[in-house]
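Step one of this worksheet: look at the structure below.
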Amino acid sequence: MVSAVGAANGLQDQLLPAHKRRTGRIASLSEFQQRVESYRHEDSSVGDYLVDVDARSEDSDLLVAFRKYAAQRSMSSDSLFGGERARAKNKQKYYRRQLKAVSFLVLLGVIGGPLNYGIRSVCQELLDLRDTMISQTTSEPARYFIWTGHTLVFSLVGLLITRIAPVAAGSGVSQMKAILTGIDPQLYLPGYFDFATLVTKILGLICSVGAGLVVGTEGAYVHIMSIVTHHLLRSRFYCGFSSHLNGRIQLLAAACAVGVSSLFSSPIGGVLFSMEVTATYYLMSNYVKAFISAVSGAVMLRLTLVLAKSTSKQATTAILATSFGDNPFSIGEIPLYMLMGAILGLLCTAMIKLLRVVAEARRDLRKSSQAWKKVLVEWIDPLVVAVLCGTLTYVPGEFAHSTTIYTLSTLFTESELPESWFKISKFYTLSILPAIFMFLLPMCISLKMPTGVWVPTFIGGAAFGRLFGEALTTLFPSIGATPGAYALAGAAAFGGAATRAVSVAVITLEITGEMSLILPIFCAVLAAMATSNLFRERSVYDTLLVVGGTPFLPILDFEPDACARDIVEVFTVYVTKKTTVAKLLLALHRLPNQDIPVVHDDKSMILLGVVSSEHLKKFVRAYYAANGLADVELDLGEEPKASSSGFSWTTMVDGIRSKREGGLNGEMSVDETYSALTSANSMEGSGPVPFLLDDDKMLTLLSDGWSASKRAKLNDRVKTTDGDTCIVQPLGMTISSSTSLGDLHVIFTMLRCDHCFVCNRGSLEGVVTMKGLLHSGKLYCNS
């Protein structure tokens, strides 16, 4: 019987015009307009404010308003380099927007280069201070205690500073990888873009590197430049780029490129590396933007070094300028380079497994309810690691003292190693050094301090590569192997296996200028990555991301039979075509600064489209003005209300919005809003609010203090589609309640959206949010 009714309804739909069908897709914009018009002109009494318009007229106010709105939208595309140059009226606005976008990208580099130089200079001063202090004495025990004490003191200072903003701890690449998939940082990573986090990140990085811990800096620079980008986007001049999620994400991706390129003045490798380690799907339209910022950052770094009269090679030449002659390798050595890469891939897998075990143990200790375990992991463990790091980088000998790549350039030469590398034998030193770095790196980068991984992996791989080359030279002198070339390939291979990024090879070529080794370096990197991918361990960044519990949609899996109806939020904020201004106010308070769905009526729930909150606010202001009502800004929540003590509408709204600051553009996302509306968490100063979606109770709170005449006026029915104030926009996409979570996962990942409306035969059923999808995936993966 049910199937017969369904078949009859389907046949009936086929006989109707396309814009009146309840099923199927809307094929064109005109069909969408016809559908809205058909629902707009039904006979109903909606009060004096309703102005009827002939639906068949070409001058219909809705059609005219929508055409005007569409024309305005065409002048300013969502793309940073968008707009239609073909129209003369758009040219001036188009080129002005182009110039502003380029200025923003260049400004990122202008800020990134000098900032990088300043941080690096302070770090080097701290390391030089340690060398100066131990040179003042010849007593070996005293030198050891000075060396280890320096590491211990600055590690402790770094821990104390990081406690100001705990979100500043770690690399920053893992979090940016999650943010670039479209998650709301305010909801999932609160404080990640705060100014206090920026200061903490810089000071904490200076302490961790200046202490001599085995950590890198690239991840911290990525985070620093992302925060700088966030605050530039909130400035009045550039705030227009922050109005769309995709625009913000594109600029944050460019900031990641600046963070890497300004580190070693390697714009090509910086862009490629940022793409590989942070992006799941990369928009090719963002390619040029990233290169503009990366080149700007590299130029500014070099200019800063020249102006500062720096003695660094980076001011004039490549960082690790090498010279291996015209033929540093023979084609017969390629299998040997690949063998070395495979061995480094195995060693890297073991290192990442150790990192995962250490990070999981520390995570479990932090979650413990026992106080002594928290003290152990927060204070004792970091201090033990600092002492261990100081000991292992001092006791083996002078060759282990260096934790920067600049002082290890001796590995990348054709000449013999210095005498300090022959404490017992060169094979002893070249074996000990990579072992030290492969052991200390997992211990250090999982501490609650700003860190990175690139430099330690580069040094460890270079030492092992030199060992491999020296062994070949000793055992098979007829091959004519160049140990320095193997060191260079080993450095790139180990870094590539650790980060799963081929671009490490490009960075290595850029910072050395040794283009003659491009083939063996790439072969070694690919062999290392292929070997690492044979095992279950992820990259260093992904391992820290998973262990840290950062929400990352692409790695989740879902039940095969689960669909959208299983995770849909049925309590959806919407407005009807014919409603009251009081209900419009309620919707605006629930979904501030967001697009609000418009349905035909509460019974059919036919989804007509969405209307922006700005348009609704204009509509409300016009209604207040037409009816002589006061306090429109107060009712819209645009001005602070003086409220009495106790629970009221004001205290409740303040509780909901108390943590709005710090998102991508300082506004609550749909995901965060629905999380606040559907949770029974206590609001600050107001207690639990279990009836946030109960219209009657919420309207009672909202109308508290209104006069009887004002309450009557705001409860009169009006039509939101009148005039050209509220423009019902077509939805880019809706999903069916039977859409599988696997398909929904692909949609959210590729489109980087945080919500999607669920419809059944044209009727709005609810909304699916990023939080619901993440929760469902985590539950399935854990089970």
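Yeah, the Cβs are placed from backbone N, Cα and C, and that goes for glycine too.
Automatic, uncurated: that is what TrEMBL annotation is.
Just so it is clear, the model here is predicted, and its values are computed rather than measured.
Per TrEMBL, the features are as follows:
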{"type": "TRANSMEM", "residues": "99-119", "note": "transmembrane segment"}
{"type": "TRANSMEM", "residues": "144-166", "note": "transmembrane segment"}
{"type": "TRANSMEM", "residues": "187-215", "note": "transmembrane segment"}
{"type": "TRANSMEM", "residues": "251-275", "note": "transmembrane segment"}
{"type": "TRANSMEM", "residues": "287-308", "note": "transmembrane segment"}
{"type": "TRANSMEM", "residues": "334-355", "note": "transmembrane segment"}
{"type": "TRANSMEM", "residues": "376-395", "note": "transmembrane segment"}
{"type": "TRANSMEM", "residues": "427-445", "note": "transmembrane segment"}
{"type": "TRANSMEM", "residues": "457-479", "note": "transmembrane segment"}
{"type": "TRANSMEM", "residues": "485-509", "note": "transmembrane segment"}
{"type": "TRANSMEM", "residues": "516-535", "note": "transmembrane segment"}
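Ranking 99-119, 334-355, 376-395 by CB pairs under 8 A with the transmembrane segment (457-479) puts 334-355 at the top. Sequence-distant residue pairs (6 or more apart) of the transmembrane segment (376-395) and the transmembrane segment (251-275) include fewer than 3 whose Cβ atoms are under 8 Å, leaving the two stretches without contact. Most Cβ pairs within less than 8 Å of the transmembrane segment (251-275), among stretches 144-166, 287-308, 516-535, belong to 287-308. Proximity of distant same-chain residues to the transmembrane segment (144-166), defined by a Cβ-Cβ separation under 8 Å and at least 6 residues beyond the stretch ends, is recorded for 126, 129-130, 133-134, 137, 191, 194, 196-197, 199-201, 203-204, 207-208, 210-213, 378-379, 382-383, 385-387, 389-391, 393-395, 447-450. Residues 434, 438-439, 441-442, 445-446, 457, 461, 464-465, 468, 472, 479, 481, 486, 489-490, 493-494, 497-498, 519-521, 523-532, 535, 537-540, 543-544 of the same chain sit 6 or more residues outside the transmembrane segment (334-355) yet have a Cβ under 8 Å from a Cβ within it.
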